[in-house]
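Take a look at the structure set out below.
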Amino acid sequence: MAEQVDVVVIGLGVGGEEASGRLAEAGLNVVGIEPRLVGGECPYYGCIPSKMMIRAANLIAETRRVDGMAGTASVQPDWAPVAQRIRDEATDNWNDQVAVDRLVKKGVTFVREHATITGPRTVKAGDREFEASKGIVVATGTVPLVPPIDGLAGTPFWTNQDAIRVETLPASLVVLGGGAIGVELTQVFARFGVAVTVIEGAERILAMEEPESGDLAREALERDGVTITTGVHASKVAYDGNEFTITLDDGRTVTGEKLLVATGRRVDIKGLGLDQVGIDADARKIEVDEHVRAADGVWAVGDVTGVGAFTHTAMYQANIAVHDILGTQNAPLARYHAMPRVTFTDPEIGAVGLTEKQAREHGLNIATGLTQIPSSSRGWIHKAGNEGFIKLVVDTDRGVLVGATSAGPTGGEVLSALAIAVHAAVPVHSLQQVIYAYPTFHRAIGDALKDL
Ligand SMILES: Cc1cc2nc3c(=O)[nH]c(=O)nc-3n(C[C@H](O)[C@H](O)[C@H](O)COP(=O)(O)OP(=O)(O)OC[C@H]3O[C@@H](n4cnc5c(N)ncnc54)[C@H](O)[C@@H]3O)c2cc1C
Ligand SMILES: NC(=O)c1ccc[n+]([C@@H]2O[C@H](COP(=O)([O-])OP(=O)(O)OC[C@H]3O[C@@H](n4cnc5c(N)ncnc54)[C@H](O)[C@@H]3O)[C@@H](O)[C@H]2O)c1
């Protein structure tokens, strides 16, 4: 017999953990189901450990900038403390007991099983079945997308999970895919002395961002000794027990001791039973409306919705689902026009809203403003490592920013002002009247506004 509850949350990554905890704290009877680690990809194999790696790699790069500016310094990179910190501080040796206890303390009934939807409002998990009077929240995230390249399957290639867990660095690494995961991890490993080659199928790395961002990231990675190949795909992969050989479309070959596949993510919802609630299980994502409702009695949050695969998006959507399920008056509605994202390379590349190309594709009349960080007062003072720029994309009919990129030593932080401007549609005329503190990196926003 099905156990009667209020809500069943399937998948306890960032989105599911937030939604289930909040609903239980609000007094609902909530079951959270997760076969792997409570917290999901971000704390164990994603954001947190990768940013710990980046912190370490950036310390090395900053130390190397001492010469000529503050004396002399040398650094002998050592991966051991990085691996140790990830094991001890970030992941508890990939043990989620603390997260499980935290969730249970909030009142969630935790079930460590794989869940399947068996009918409207019913979910099976192992030998238990639940009937959820209010409904089901699907928060099953994504898995690495592995392209069907001849020979690749069956080789011991890395995904992000292997790269995050690495204890001993290889001498050389080939990275397939120059998106967020590819470029962040490439820079880390290169700064620790690994010979890295990136193969990116698009014309630029960070292909979804402004072309200036891809160019900046490329220059930074090349300064770190990385070899980058763009505009070409891998057609064949071979592994001889010691080394990978990747054959490219144009006949060239690239070799490396390890191969990291970072070619995007895909939802894995085929066996979830979505057809039981009228959702297409063959779709590439679960479509949601402004309440993040996917069907009657079904909400979806996080990467599975295909709306920007970021932790902040999963949290944002979880909040909307929670309010909708609780029936809050004037509940918030999902709006994605000011979606922020930061690629944590050095320089950091933050962006919000539309790129210039996307804005033009939307049929908007556009003006852009661009300024270089090294030519700002603070950038000039900063000197070594000051590369970056601010680019603004303005809808000239409405007189508001619809997108912006902020790249530089604190690009992700400077982005905050631009994110608010895009989110709240602050008139450009008003942004031009702001007093930007001197000499900050964010004062360059004023310079970019003058360039419009
Ligand atoms: C290397 C890397 C670095 C990243 N860095 C950042 C960053 O700096 N900033 C940022 O914002 N984002 C970053 N991300 C993205 C971020 O990790 C994801 O957007 C976030 O984890 C999505 O949360 P989620 O809850 O949607 O899914 P997930 O975290 O993927 O969790 C989904 C959970 O659902 C479970 N599940 C799946 N199927 C079932 C089932 N049938 N039954 C029960 N449970 C199921 C899974 O086991 C999993 O634990 C990074 C990702 C990677 C890989
Ligand atoms: N700082 C952050 O917020 C952060 C960091 C890492 C990951 N993430 C999230 O994780 C998601 C997944 O990251 P990702 O880097 O795997 O995906 P991505 O979609 O960002 O980039 C994948 C890249 O691989 C390329 N590619 C695809 N197939 C290829 C092939 N066969 N050969 C060569 N290149 C190929 C694509 O052109 C693309 O540039 C991101 O979209 C992002 O949302 C966020």
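The backbone N, Cα and C atoms fix where each Cβ goes, and this holds for glycine too.
Automatic, uncurated: that is what TrEMBL annotation is.
As given in TrEMBL:
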{"type": "BINDING", "residues": "K51, D303", "note": "FAD binding site"}
{"type": "BINDING", "residues": "G177, G178, G179, A180, I181, G182, V183, E184, E200, G264", "note": "NAD(+) binding site"}
{"type": "DISULFID", "residues": "C42-C47", "note": "disulfide bond"}
{"type": "DOMAIN", "residues": "339-448", "note": "domain 'Pyridine nucleotide-disulphide oxidoreductase dimerisation'"}
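Known features from TrEMBL, placed on the structure.
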| residue | record | DSSP (3 states) |
| --- | --- | --- |
| C42 | disulfide bond | helix |
| C47 | disulfide bond | helix |
| G177 | NAD(+) binding site | coil |
| V183 | NAD(+) binding site | helix |
| E200 | NAD(+) binding site | strand |
| D303 | FAD binding site | helix |
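Whole-number maximum of the Cα to Cα distances across the NAD(+)-binding residues G177, G178, G179, A180, I181, G182, V183, E184, E200, G264: 14 angstrom. Within 8 Å of the Cβ centroid of the NAD(+) site, not counting the listed residues G177, G178, G179, A180, I181, G182, V183, E184, E200, G264, the chain contributes V175, T186, V198, I205, L206, A262, T263. Looking only at other Cβ atoms within 10 Å, the busiest spot among the binding-site residues E200, D303 turns out to be D303. The shortest Cα-Cα distance from D303 (FAD binding site) to any of the binding-site residues (I181, V183, E200) is found for I181.
Per-residue confidence over the domain 'Pyridine nucleotide-disulphide oxidoreductase dimerisation' (339-448) averages 98 (mean pLDDT, predicted model).
Neighbour density at the Cβ, taken as the number of other Cβ atoms within 10 Å, is lowest among the recorded positions C42, C47, I181, V183 for C47. In this structure, of the binding-site residues G177, G179, the smallest number of CB atoms within 10 A of the CB marks G179. On a Cα basis, C47 (disulfide bond) lies 14 Å away from G179 (NAD(+) binding site).
E200 (NAD(+) binding site) sits 22 Å from C47 (disulfide bond), taking the CA atoms of both as reference points.
For K51 (FAD binding site), the number of other Cβ atoms no farther than 10 Å from its own Cβ, over all displayed protein chains, is 14.
Residue counts for the domain 'Pyridine nucleotide-disulphide oxidoreductase dimerisation' (339-448) under DSSP, helix first, then strand, then coil, are 37 helix, 34 strand, 39 coil. Proximity of the recorded positions (C42, C47, K51, V183, D303) to ligand 2: a Cβ under 6 Å from the molecule is found for none of them. Straight-line distance linking the Cα atoms of C47 (disulfide bond) and G177 (NAD(+) binding site), rounded to a whole number, equals 18 Å.
Between the CA atoms of V183 (NAD(+) binding site) and C42 (disulfide bond) there is a gap of 17 Å. Selection of the recorded positions C47, G179, I181, E200 by a Cβ distance under 6 Å from ligand 1 yields, in sequence order, C47, I181.
Recorded residues C42 (disulfide bond) and K51 (FAD binding site) have their alpha carbons 10 Å apart, per Cα-Cα distance.
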